[in-house]
Every structure is written in structure tokens, then in C-alpha cells.
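Record features (Swiss-Prot):
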- D658, E659, M660, G661, L662, G663, K664, T665: ATP binding site (BINDING)
- 207-283: coiled coil (COILED)
- 440-511: coiled coil (COILED)
- 29-41: compositional bias 'Polar residues' (COMPBIAS)
- 55-85: compositional bias 'Basic and acidic residues' (COMPBIAS)
- 101-110: compositional bias 'Polar residues' (COMPBIAS)
- 329-340: compositional bias 'Basic and acidic residues' (COMPBIAS)
- 357-377: compositional bias 'Basic and acidic residues' (COMPBIAS)
- 438-452: compositional bias 'Basic and acidic residues' (COMPBIAS)
- 1220-1380: domain 'Helicase C-terminal' (DOMAIN)
- 1-115: region 'Disordered' (REGION)
- 215-238: region 'Disordered' (REGION)
- 269-384: region 'Disordered' (REGION)
- 432-454: region 'Disordered' (REGION)
- 524-551: region 'Disordered' (REGION)
- 768-771: motif 'DEAQ box' (MOTIF)
Amino acid sequence: MSFASILSGPAEERSPPKRQSPPPETTPAPVTSTPREATQLSPPPPPHVPPSHQKVKEQEQVLPRLEKKPSSEKRRRNAEQDNKAGEPSNGILSNGIPEPTKTTTQSWSFLSPRKVLSERESETINKLMVEIDNAEKSDVEAPGFEEEYEQYKLQCKRRALHTLKEEGIKRKRRRNTFLVNLGKSLEKQASAGMDRFRIANEASVISEVQAKEIQDEKERKKDMQRKRRRENTVRLEMQKKLEAERKANKAQDSAEKAKFLREAERAQRKIKTTKRALEGVTAPEEIGEVTPLAPNLEGGTTSSFHIGRSSPSRRKSGRGGPVTRPKKSKEQKQAEKDAAEAAYAAMENDEPLPLAPKEDPRKESLKKEAKGSRSKESSPAPLSAFETKGYNQIYEQIWRDIARKDIPKVYRIKALSLSTRQENLRKTAQLASKQSRKWQERTNKSMKDTQARAKRTMREMMSFWKRNEREERDLRRLAERQEIESAKKAEAEREANRQRRKLNFLISQTELYSHFIGRKIKGAEGDSGDTAVEGSDETVQPGKDEEHAMEDAGAKVTNFEDLDFDAEDETALRQAAMANAQNAVKEAQDRARAFNDGQDHMAALDEGELNFQNPTSLGDIEISQPTMLTAKLKEYQLKGLNWLVNLYEQGINGILADEMGLGKTIQSISVMAYLAEVHNIWGPFLVIAPASTLHNWQQEITKFVPDIKVLPYWGSAKDRKILRKFWDRKHITYTKESEFHVLVTSYQLVVLDAQYFQKVKWQYMILDEAQAIKSSQSSRWKNLLGFSCRNRLLLTGTPIQNNMQELWALLHFIMPTLFDSHDEFSEWFSKDIESHAQSNTKLNEDQLKRLHMILKPFMLRRVKKHVQQELGDKVEKDVFCDLTYRQRAYYTNLRNRVSIMDLIEKAAVGDEADSTTLMNLVMQFRKVCNHPDLFERAETKSPFSVAHFAETASFVREGQNVDVGYSTRNLIEYPLPRLLCGSDGRVDVAGPGNLHAGFRGKYLAHLMNIFAPENIKHSAEHDGTFSFLRFVDTSINEAYEQSHQGIFERAVRRRGKPNRLSRLNVVYDDDKATMASALPHTMFNIVQRNDQHAINDVTTEGYMRELTTVAQSAFERKGLGIIEPCVSPAASAPPITVSSSSRAPLSEMNDSLFNVSVRHALFSTPSKQLEQQILEKKLDPIPYSLPPMLPQPISIKGRYTHIEVPSMRRFVTDSGKLAKLDELLRELKAGGHRVLLYFQMTRMIDLMEEYLTYRNYKYCRLDGSTKLEDRRDTVADFQQRPEIFVFLLSTRAGGLGINLTAADTVIFYDSDWNPTIDSQAMDRAHRLGQTRQVTVYRLITRGTIEERIRKRALQKEEVQRVVISGGAAGGVDFNTRNRESRTKDIAMWLADDEQAELIEQKEKEALDRGEVFGASKGGKKAAQKRKRDITLDDMYHEVSFAIH
């Protein structure tokens, strides 16, 4: 074939398979491929155009298309090929190539029909063909295509083999599918057939089985009855045997002894036969009767008493011949009697009668032979007659002897036999009649007995099958439970290994991240590292420069969810951890650069900024103190500044966890000063702190860095809106001249105004007291994480407070990418480190070491005793107090009302409501320990007052001073007529209604009055009535005035008169006669001359005063006046008032009640005007300061009223803590100390204020209710005013950030659950600036819940020491605490020592039995209902605590 013919007729020359076949499914191997590669079967790649077709295409592109009509021969050949192609095939062509489909054939572009060529194009093609034909060698015929042809054949074979293989796989798949479907169909049919068969035959089978079971049960009972009968037979026969042997031993006659021995032998044979039947050996005969003979119901016979044996007549051969009765021996007769008795006893017991067994034919034959022999022997021989006289005499003598001896004897025997026979017949008749009646009586009874037996049988059968089914069910459940437990154990082991690999991956990832950060910093400084990051399984050594190279940024990053933690080989996990760590470092650096470049798309948050490098390995670059910082940094503070600067330059977040009081604030301020001075970065900086420290931050920034401007962002919503105008603006450039550089605000305000803070790109965000974000689920944590900031710095003195979960929250906040949503890491922090629930202690120690390696790089912590030598020591003392009687009664009553066992069982269930109830109980016990008045205050008591008090609608309109004098009046009023109360009822009072008042006044009051001056004068001149006036030093006018004065006015006048006579009598000490002669006009003034009050006034000391005031001095000396009155009246009432319709009595009563002179005389209260006049006129105040006429009350406590006010002394002694605190404060006050007094409850602070007021101690107070603007002034007052002795604070509000170095004593009235909260509170005084030793007193009530809480707090402190300080874990018993036992531990706090010991003993016994003590059936369901894990700290501070 020539090349021209190929070009002229490509369609005709192309073979049908080539035209119909699709392009090959596999890519042809290159020319240099090996035979192994050629023969390898691979999945078919996308189709491609063969090289030959490609050449044809190229030629078609070069040559114009020409249409050449095929010749007739070619046309015929094409038709044959078309017919062959149109025949149906089985999918395989002749050359072994799969037949192409229609769609595949139509997809080839070069098989499409060609267009018609022009004549010029046809001529050109023909010329070219002629040239090709005339050439020396054709391209087709010339060699050079052998290799392509071989390759083509190889591809065809490979396609054929592949097609065959695919068809085989498809056939196998179809066969498997068909078999599966067929199996399912057959299974359905079989199941349906089984159901039909069960439905059809289930009832019959059940009935048949039940019938068989009933029959089996009957047979079993019959066997049991037969067995009991045989055992009874053995017992009776054994008794008979023993009795026979005993009789044989006692018998004297040999025949009788032989008889008894035969009976014993017979009984032995029967015993042997019965035992053989019991043992299962088939006896030749059934033992069914007592004797081998049948029972004789007719009685005994006398045939045995014949002298001679008469042979019975032989039976005739005929069936109906007469039968003679055989003779019976004594043994047979006795046997018949015994049989009769046995039959009678059987009938009495309703037992079946024993029937005599049939004798063997052999025995019958033997009996017959014996009878025949006896008959033969008994026939006597004929005797010859012999008669003699002696014979006859002997014969007669014999008959006489017979008649005398034998006949009576025989008669007696015969009569006895007859009577015996009659008696037996009578008994037999009675038995027969009784038995006949029994059949009639037993008809219904037997039916009832049958029913009862059937019911009892059914019950027994049901109980048996139920018991059997229960046992089988228990065994099946036990097997299933064991199988499930083994499967759970295996699954738990697999899951534990998987979790361990997850944890190793996470820890290795963080360790490698820390290692890469350290290498990069050291590489930048030109210092080769020599430290190693040690893990539990591998050790990463820096080594050579090409190891762990950071330039390998193209390493594949694997998601945590895509990792295979089930594989045993951990090489892939280590490689993935290394790649992820490298990628995290690169992302952190890129984001830091992007933030500095101001790219908007990277301004969201640098969540990948992490740092795990130890501050000592961050390099040896020494950074000097900024010049704009006015304070002088200490050495350790300068080191902290270097660490913070390196963190910022690398874009890494960190935790500054120095102990409280070492200057975390000044170090943070120095970082901002460094950035402003060196890098010209003036902000904006964001400082978030607790509300109590906001003023402190503002003051210290202004004080130490005056060039940095602070914007205090707090106040009301309106104030904050005005402040936002300074910073809530776009495109603000922060320079030295900016309006502000640092914004200081609180956590609460950040959450409220989070939408405004998120708009600003903060250069540095500093969180003071970062334990405020210890919960990663809180809105505060999420809002702060969403802020756009370049770096974050957390300041905290206590990174671990209650548990390790809080430390993990801080780590999650500063590096959320590596730790985000990793529950395994969280569980490791909160479970394995804190509780060590696993038994593998070595694994826990390795994890603890790796935790230290993770914490060291990015957390800097220094302790005071290591860095600050000039700071005074801190001494902690636990002061134990005892419960008072009232506290002990309250505590015992509370504990008796609570069941400790019930609480522990509820704690094992773990319901949230039960946990809250338990915490409320703990709060009640703590209240009792603090002060019983927290439950019930001692109220003010007073008698029931039957009176009416003044009322007012509002005190506002009453003014500043409300006058309520004499506002109390009796509810009883005595009404009087107007005539009596008015002037009309008075005789001497003139008025419109009294026309005779002048007459009566003139005559009655003057003329007829004996005290008239004229009458007194006339009577005193001689020895009249008033002649004594000259001896009593009284004039006429004085007597007249006293007659017109009342008794009260006379007493007041007598009180104002000086006691001159008695004083003179005391001073001169003269005789009475001499004094009387010296002063005759006072002769009759005996009382004034001998008044003892003058002696008391003159002699103020010495024995004379004691002798004159014996009663008063004894009363005062014994303290009777200060004793509280033991009895108070039940009711009290003011005097009954008089009422009238007239106003006259009201005016008169007011004149009497509000008389100034009377009130002054009674109470001796001089007015301000009188005191001013005495001072101005320089008068002697003694006459104007006379003692009150109203005597002093006997009781100083009660005074003039019966109102009982609670005693403050009792208030102090009712609480053991307060009594101990009273002694302690007295000593501290005398020593010149100043005290910080911390409380957990604000109500206790209220009570403490009353106590301090009672003791006159000056104090100030700060708790959660103190306003923000007042806190700064309160702290400043305590710091600047030394007279303030006590500062009352709540541990939560007053324990954060404030500086109280003026105090050198800290007292915790009640301790916090969290020991770090107390540590923060005591460091308010023990911090920089404190030059004295700080003493910390902690009041603990002995033997109560507070002592157990303190022990738990010490364990928490040990956890912090182990994790943060890197100490050994030997001091903490981690194995005794897990997540489920926290609530149970709280319940154990409520128990006393005896109850706790009993509960621990029961727990030990439960563990020995393999049970869980206190667990109930609903425990798992209740545990699943818990929505969240409530910590002790959260539940404790929900109940009336000081709010932070």
C-alpha cells in the first residue's frame, strides 16, 4: 500500500475495528518504558488521540481537503466492512479490543465527514500523491514504525485484559448481589414459614408439653410415694428384726427361739429386697405386703390342733370337683393375723391394700409334690388285733387321762379358737361396712382432693419454672454483663491510649513552638542554644542549624481533627506537631508585622501570638531604664522590663505573675514608656483593672510617667459618652501631643461598651488581676478576646486559684490557636494535675514536668523572699477559737436536723439542686461560727404600753427638730363635767358664772383664815398658837406664804435654802446647849441642826464618810446598781388624763407640765441663758447647780425606763471569734499597730461596726457597696490618718490592687474558699513600701467546718506550689479527690470526727465488695442532667457575700 492511497482514501483503507474503536483508555507508555511497566494494569486514564491520528491531523492541516470518490472495489470492500460492523457482537471485537459505544465514536472529531474540495485543491493533492508514489521508498512501507506497532498491539492486549478483568469483577459483583438478594428472600420465606408453623402448631405443642410435664410430675410423685413406702417398710422390718432377735435371746425354748430367728431372717430378706428396690435394682418380686401370705380376713382356724395329720383328699381331675381346705401351721396362722392387722391399718390410713403376689409355677409344683409325699406317708399299715388285760387297763387309763386332762384342754383351745374366729369375723364385717361407707363418702372428697392436688401441682410447677427461668435469666444477664464490662474495659484502654497520644501531641506541639521561638531569638543574637525541650517520649535538641529549621515553611499543616490517634506509631504525630509549631511561629510573626504595617485585613486579632520561652532564654540584650520614667527600677524589675520588651518585639503575649507587692504595675508602665521613648509608639494603650484599683493606675501613671496622658474611662453612661469623643474616632495618629495615650477602665465597663472598644486598634492591652477572666465561657472573656490589639499582657499574682482549669483559661486567652477547643488539654489541666485520678504516678510526674516546660517560657514569676531583701517578713498565725454555749447549741441543732448519710448519697448522685442545697447548709454553719446574731439579733424589749403615741404624716414638714414632749397619753380618759373643770365650779375664782367669788374670797380666804398675817401676829404676841415661830427662824410673812404654797413649791423652797445650821454644828463641834444659847431663834430646828447630808458634804473622804454612807457604799461596792434587772413589768401606761369639753383644764395641765422651774428643780438642767449669765456676771455656779430633787435610779442599766436594750458585752461574749478578736485588738491598740480586718459577709461587717463603736475604735469601711469615687478617698484617709485604727474590708472588694502599707497587721475573721484570695488580701499590707513586719492572724473555730475548709485551702496552696514553683508533689494526696467526689467532700465537712470515721469505714467496706458507696439507681441519669460544673467558689459567693 502506498502513502498516496492512504491519503486518497483514508476511510476505505481504515479497518472497521480501527474506525469503530474508541481511543485507547490508557495513556500509552513512553518509548523508553520497560516491559514491567507496560504489562502493569492500571486504571484507565482519560482518552487521548493516537499518534497515527495525530499525524493524519497534522497532514490535514497542511494539505487542503480533497474529495475523491472511491472506486467500485473499494466501495464493495467498505460495504462488507459496514455489514460486519453492523452485526451484533458481544462487546469484544476480533482483535480483542472492547467495542466502542455510540457516544464514544461520535466524539471523535476526525471521523466526521469532510467537506467537498475544489478542483484546484484536488489537482494539488493528486500531484503530491504522484510525487510520493514516485519516491524511492514510501513512509508507510519503509521501516521505522515497528516499535509503534508493537506498542499498539501491547496496548490492545492490555485493554483486552483490563476489559476482561472489569467484566469479571462486574460478574462477581452481580453474582454476589444476586446471592445476597436470594439469601434475603430465602430468609424471609424461612421466617414466614416458621411463623406459619408456629401459629399452626403452637397451641398443640404447648398442650402436649404441658400434658407431658403433668404426667412427669405425677410419675415423680408416685416414685416419691413408692420410695417413702419402701423406706417405711425398711424401718418397720428393721424394728421387727430387732424385736425378734431380742425375743430369741430371751426365749428358753429352742423351738420358740428358732421361730424368732426365722422371723428375724425373714425380716432381713425383706429389708434386703426393699433396699435393692430403693437402689434401683429390679427385684424379682414386688414387695407389696407385709408377709408372703395373703391377708386372712376370716380369722384363725383350729386345723393345726389335730393330733394326727390327716392327708387331704386328692383333687379330682375335673374342674368342678370338691376342694379340701389345706391345713395351716402356727406360723401361717400368725402370718395371717399379722396380715389382717396390716390390712386393717392400711384401711384406716386410706392406703391401698397389699395384695399377695402370685406364686411361681415352680413353687406350686413343689407344694403338690410335698402334699403327695405326705399323703403317701400318712396311710397307715393294717394292724392285727391285740387285746390283753394289761392293754385294756392301759387303754382305759389313757382315756381317763384324756378325759381328765386333754379334753378340757382341747375344749378350752376350741372355745378360744371359736371366740377368736368370731372376733375376727366381727372385725372384718365392721371393716367391710366401714370401707363400703368410705367409698360413698370419698366420692366428693376425692374429687376435691384431686382438684386441690392439681392446683398445688400447678403452683409448684409454675414456681419451679419461674425459679428455673429466673436462674437462667440471671445467669444470662451475668454473662452479658461480664461481656459488656470486658468490652468496656477494652474500649476504655483503647480510649486511654488515644487520649494519651492526643495529649502528647498537644504538649509536643507547644514544646516545639517554645523551642522554635527560642531558636529564632538566639539566632538573631548570634548565640547558639544549648537547652533542650524535654518531653515524656522525645527530647528536642537544637543541635545543628539545619535541624528544626524555621525556613521550612512549606511543611504540611495537619488539622487536629484529621490526625490518626489510633495508630501505634507516633512518628506521624511528632512530624505533624513540628509542622504545626513551625506554622504557628510564622503566623505570629506575620501578624505582628501586618499590625505594624497597618493592614486592615490583619487587624482583627493576633490569635496565633504565642510564647513558651523562658525569659532567661530570650537573649542577653540589656535594655536600660527609660529616661521619662521618674522612678528608679530595681534589678528584678529591670529584668522584667527586658522580658516584656522582647515579648513585644516578637509579637508574643505573656503572663507577668510576680507575687503581689513586687511592682507589676510599675513594670507595665515602664514598658509603655519604653515604647514611647525608643519606638515612638505613643499608643493607644488599654489598661483594664478592677474597680478598686482604677484610681491607683491613674495616679501611678501620672506620677511615674508625666509625659504619658491618661484617660480615666468610668462614670455614668452620659459621662462615658463624653469621654468617648477623645478616642472613638477614625484615623487618629497618636503622638506625644495627642489628647491621651493610655485608657484606664474596669472589666464591667469593658463588657458594657465592648462595641466601642472593638473599633480601635490597641497597641498594648494590659489586664490587671487577670484572674477575673478565669472562665473561658464568660462573656467578659469572649469580648476581651475579640479586641483588636497587637499584644496582650496579663498581670496576676495568683495564676492558680481554685483549680488548674483557671490557669488553662489564661493560657487559652494568650494563645487561643493551639489550645482552642482541645478538651484533652483542658481535662489534663483540670483533672490529671489536680486530682491525679490515674494510678500511674510516673506518668503524672512526667506530665507535671512537661507542664513546667510549657509554663516557663511565657510566664515570669518572682517571689518576694527571692528578689526583695529589704521587705519585712510576713508571719502567719492561726488563732483557734472555741464555740460559746449559744453557738454550740445552734451548731448542734443544725447538725441534728441534717442527715450526713443522705447528703453523701445525694452527693454521689451529683444533682445540681442537691449541690446548691449543700452549699446553703455550709453557709449556715459558717454563719454560726462567725456570730449567732447573723441568724437572730437580740431585740430591744419593753413592756406592753397601753398608750397612744404621736403620729405625723411626714417628717419633712416637721422641720429639723421634731418636738414630741408629753406626746404619750393613756388610752383611758376620765371625762369631767364642764362645771367642775371651769371657773364656775371654783368658789374663790371670779368669773361670769360665779357672782359670789369676791364675797367668798374676802371672808373665807382672809377674814376667816387662821394663816392671815393679822391673826398670826396677834397669836404670836402672847403664848398663842403661832408663838413657836420665834424659835424656828420663821417670820409672819414666811408663814403666810407657806400656807398658800403647795407641797412641791415648799419642797423646792426648802431645797434652795442653805443648810447652815448643820454645817456650823459640824465645824465647831460644840455642845447642844451652847449652840442653843448661841442661836435661840433656831432652837426648834432639830432636823436642820442634825442633818447628815452636811457631814457627807464636808467629809468627802476618810472613815467618817463611810460610816455615814454605809448603805450607799455597800450598794456601790457590790455592783448591785450595774446589774441588769431580772424582772420587768409586763405592761406600762402613763397616768390617766382628765378630759372635758372646756379648754380650761387643758391650759391648766399645760401650765403644770411645761413649768420651767419645776423641770429645773426635778432634773437640774440649767438653760443656756442661765449658763451664759453666770459666765458673763462671774457668779458662783454652786447655788445654781443644786442636785436634782428627783433621786437617782437604783439601777444604772435600767434608769427610769423599763426598756431593755441588748447588752454589748453579751454581744461580744456570744461569739468565740469576737471575744478572741476583742482581746487581740486591745493588745494591738496598746502596741500601736494598725489593723486590716477582712470579712466574707457584709452582714458581719455591719455587726463589726457596732462593736467598734462600742469600743470607741476609729475605723473606716470598704466593701462591694462602696461607690467608685469614694474608694480612693477611703484608702487615702487610712493611709494618711494614723488615728484610724481598723480598716474593715471585704476580701473580694478590698483584696485587689490597693496599697495599704500603713497597716502592719492583717486579721481574717473568716477565711475564703480560695487561699489565693486571702493571699492577695494580706499582700495589700505586705508589699513594696512596707518597712515593718506584717503579722497575719486567721481566726478559726476549732472542731467545726472552718477547720476542714482550712485544710482544703492548704491543699490548694500545695497544688499552686507544685505547678508554679515546680516543687515535688509529695505533700498532696491527689488520689483521694476526683471530679465526682468534690460535693461529697463538702458533705463530709459537716460531719464530726466520729461520723467521718464511720463513713470512711463504710466506704472501705463498700469498696471491698466492689460497690460504690452512696450510689443510687438514678445516679447516672441525674449526673447527665447537670448543665455545667459549678465550682465551690461560684456556689459559695452566690449567697450574700461581698460583691466584687
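A Cβ is built for glycine as well, from the same backbone N, Cα and C atoms used for every other residue.
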Looking only at residues six or more beyond either end of the motif 'DEAQ box' (768-771), which have a C-beta under 8 A from one in the stretch?
-> 655, 664-665, 668, 687-690, 693, 697, 794-796, 798-799, 801, 806, 810, 813, 1296-1297, 1316
Near E659 (ATP binding site), which residues of its own chain have a C-beta under 8 A away, given they sit six or more steps off in sequence?
-> G797, R861, R862, V863, K864, D1323
Once the chains shown are all counted, how many other Cβ atoms turn up within 10 Å of the Cβ of T665 (ATP binding site)?
-> 21
Environment of D658, E659, M660, G661, L662, G663, K664, T665, the listed ATP site - residues of the same chain whose CB lies within 8 A of the CB centroid = G797, R1327, L1328
Minimal Cβ count within 10 Å, across the binding-site residues L662, G663, K664, points to G663
With DSSP, how much of the region 'Disordered' (215-238) is helix, how much strand and how much coil, in residues?
-> 24 helix, 0 strand, 0 coil
Tell me the residue counts in helix, strand and coil for the compositional bias 'Basic and acidic residues' (329-340), as DSSP assigns them.
-> 11 helix, 0 strand, 1 coil
What is the total of other Cβ atoms whose distance to the Cβ of M660 (ATP binding site) is within 10 Å?
-> 22
What DSSP reports for the motif 'DEAQ box' (768-771) is 2 helix, 1 strand, 1 coil
Based on Cβ atoms within 10 Å, give me the single least packed residue among the binding-site residues D658, G661.
-> D658
